[in-house]
2 protein chains.
Amino acid sequence: MGIALVTMSILSLAAAVVSKGEHTTLTISVIMSIIAGLCTFTTLPKLKDTFIKANLSGRDLLKPSKPLLPETLGLPTAIIYLITLFLFIPFPFINWFEGAHVLGEILSAILAIQSMILLGFADDVLDVRWRYKVWFPAIAGIPLMIFYYTNKGVTYVVMPIQLRPYVGDLVDLGPLYYVYMAMLIIFCTHSINILAGINGIEAGQSLVIGLSVIANDLLYIFNNPDRSSVEAHLFSLYFIIPFVGVTSALLWHNWFPATLFVGDTYCYFAGMTLAVVGILGHFSKTLLLFFIPQIFNFLYSCPQLFRLVECPRHRMPRIDPDTGLLKCSTVRPNDKKPMGTLGNMALKLLRALGLLKVFQYDNDGRIIECNNLTLLNLVLAYLGPMSERNTTVAILIIQTIASLLAFFIRYKLVHLYKYVQESSYSQYTSKNSDTNDVKLSSTSNKYSDGGPTPRSYLDSTVVPTLLEGLKLLATERPSDPLAYLGRFLLSRSNERQQ
Amino acid sequence: MGIALVTMSILSLAAAVVSKGEHTTLTISVIMSIIAGLCTFTTLPKLKDTFIKANLSGRDLLKPSKPLLPETLGLPTAIIYLITLFLFIPFPFINWFEGAHVLGEILSAILAIQSMILLGFADDVLDVRWRYKVWFPAIAGIPLMIFYYTNKGVTYVVMPIQLRPYVGDLVDLGPLYYVYMAMLIIFCTHSINILAGINGIEAGQSLVIGLSVIANDLLYIFNNPDRSSVEAHLFSLYFIIPFVGVTSALLWHNWFPATLFVGDTYCYFAGMTLAVVGILGHFSKTLLLFFIPQIFNFLYSCPQLFRLVECPRHRMPRIDPDTGLLKCSTVRPNDKKPMGTLGNMALKLLRALGLLKVFQYDNDGRIIECNNLTLLNLVLAYLGPMSERNTTVAILIIQTIASLLAFFIRYKLVHLYKYVQESSYSQYTSKNSDTNDVKLSSTSNKYSDGGPTPRSYLDSTVVPTLLEGLKLLATERPSDPLAYLGRFLLSRSNERQQ
């Protein structure tokens, strides 16, 4: 690991020397991500014994031999990711004069991700109860929301066309927007952890979502004349490319038959990274489209999670010892006590929708045995029995289909309910790259009472010219700097008037 | 813990409502620190079982009964500290228009501290080897150095008067300054961990150093007309006050007879927090004066650390089972193999300085048995046998004397080798609050080749006036903002000329 890190540092320094311009910064990010991936790939096997010795291990119950595997190998993966980001931070600033603002954004994002890694690791070691750890992501998300707050983050949401006659084009969610962010962070972080349990599924789904985010970012960057939109998506790329790098390496070792487990640390790390990228890249709604399988899995699980239907302690698929294939695990909802009305209704609805496989009815037509309510069991109920490897592949295919669907919705259907004036698009001042999302145009004061915030007002009126003037001033260093800058601004104002 | 956190959030929100101005911000920091301390105080006992169940436990070997105590309770302490800082972040920004820059500073500091907490916890769980973990603090310090770098941090050092004829008043250390920062971070972080092993000593020494830092900050704030210097020390206070809060609570439980251990997590957390405060508050040399006992302990240990003198696996003091008192542990340097020449010289020198107690000589006058080379053993060799409690008290008294000495050196002796022009003091542009430390004045271009960096040039010439103008602009919102700002700057320039 030591040698790999030194190599990484030397190569990234070498990259720094030859770096000029923004596509080079992206190239550096790609190179560093590849190195991070290789580093993860070689480091993980070496750490197995250390983790087993430290009691961080578990049995792989879906194998006939139930081998003991090291757990929480998501921790070194996450640490390598963090070091990669640390070493990468200086690059985007080489050419950005107005760096402080963006640096704050990057640091708050890293801080949120690192907070979740710390809490995830604490959970792996200390086994925190659900009722406490469900709030972990909200705590870890504080730096992000604070950053949003201190930067007078816009809390306006563009309304669908159909609603505009009633509520206006833009609606200010105010404090509710922070609640939305917190909910998004909590959902994304836990959702990876919920769709879990077979080899390669946690890292696999994260990889598919990560690649979808990259595809979405690239679509924006190459089709957009708006500078601030490009920057928001570059920001997203700088975080997601190294994530894809280390995740690929982790997936290699965690793929069937797994030689290690990723641990809650990885699930939380992955979920938080994706949430952060979506929020600060301003495409949180598109991100939620990528999470369709996770959203389905959560909603589908609800009857059991909220105890409307009997919920066994483990709802993992079962292995058939004779064939070595996985089959869905089942629940007998009326065995311990008769199911309540709500539970009955939920199961009937699911059966009517074809989302429940019933294995046994009693004479009155009541359900005696059906599959447990998770996406994994549903897939196995209809397509199984299957090998563990094929089950993972099936889920990843579903995840990929969801991403394609997301792109279709995002780029084809969006115009049905939202309309963007392409001609005025480049006037949007903050990083409003997503037509689905928060935005505040320089002319938006007609939509709200107080007009734009001081920061966005200044950004849209004087800041670009001012930065140009300051650059000139720092180069020229005239005898009367104040007068020099004043005359520069006046001359620019005159040019515009003409 | 849940209730305590909710209470803390509500109280801090209430404090936000009534906050106006900077002394109020300090008051909020104090209130939040007290709440954090109470929260730590009540939470730690509840977590003991969880930690013991998770195998995070160890025996207290210096008690006759050798009880099993939970370890790594520094982790919840550190997490409460982090949450406190997260919730506190918005307050300093309520009145600061130019927040982005300072926000970056705060975030990079928290990131460095949190990185060390994560690595410390990993060390507690995985038991990393010294040759790897010695570099942990340097990795954790990367965000801090990156921040320094991206802000074109000044790397000049003020020279002592005696050297000025040869090297000039200011010397640019360049990249060496980053090496200095890294070394400082590594030293501070490990030094708390090295002077450890008896109840209350880790948290105790950190508390004394923390209180010394507060005293130093307050001395500056109330005796200084320079605004930027005050801000640097306020920054330091915002980090150190909550640290003192949670440390007091931890010390309460860790005090003799301890009911829990603090773990490497706490030692690293404490060391890193102190280093960060010293670096970003610009008083790193004063900080090193507070670390005199740790520096002495390290230098004194060197002959054993570098194996010039035989080094037993454990150098902790021993308990006398009859009296229950501690006595120093000893080493027999010539038993396994004869000691080398360098080792002999080192021991002779220490004996000549009165820093070695020899218990047995052989007939040729060679040392057969002497105390192990740590501060703890030295204190026990001369003052012992003592109870464990009194040993801790003795070390804390030494630590306090060192702090008093530090204040004497810092405020009385400093003029012997450094001279500061008081009249030109307020002209210093960046946060140069410490006469001992890095600084760059607006006229410093006469000392260096390239002149001041663009940022410091702009800071010293146009930025204060510019910010004033921007504030006015955001309030007035005239029809031609560029011309408005230009005229404002010209009028200010005219006022100065007159």
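Using the three backbone atoms N, Cα and C, a Cβ is placed for every residue, glycine included.
In TrEMBL, annotation is done automatically, which means it is predicted and not curated.
Per TrEMBL, these features apply:
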- B:428-447: compositional bias 'Polar residues' (COMPBIAS)
- B:428-456: region 'Disordered' (REGION)
- B:1-16: signal peptide (SIGNAL)
- B:26-47: transmembrane segment (TRANSMEM)
- B:68-94: transmembrane segment (TRANSMEM)
- B:100-122: transmembrane segment (TRANSMEM)
- B:134-150: transmembrane segment (TRANSMEM)
- B:177-196: transmembrane segment (TRANSMEM)
- B:203-222: transmembrane segment (TRANSMEM)
- B:234-253: transmembrane segment (TRANSMEM)
- B:265-283: transmembrane segment (TRANSMEM)
- B:391-409: transmembrane segment (TRANSMEM)
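It is B:26-47 that, among the stretches B:26-47, B:100-122, B:203-222, B:234-253, B:265-283, forms the most Cβ pairs under 8 Å with the transmembrane segment (B:68-94). Nonlocal intrachain contacts for the transmembrane segment (B:391-409), taken as residues 6+ away from its ends with a CB within less than 8 angstroms of a stretch CB, comprise 195, 198-201, 204-205, 208-209, 211-212, 215-216, 255-256, 286, 289-290, 292-293, 317, 326, 375-376, 379-380, 383-384. Most Cβ pairs within less than 8 Å of the transmembrane segment (B:234-253), among stretches B:26-47, B:100-122, B:134-150, B:177-196, B:265-283, belong to B:26-47. Stretch with the largest number of CB pairs closer than 8 A to the transmembrane segment (B:134-150), among B:26-47, B:177-196, B:265-283: B:177-196.
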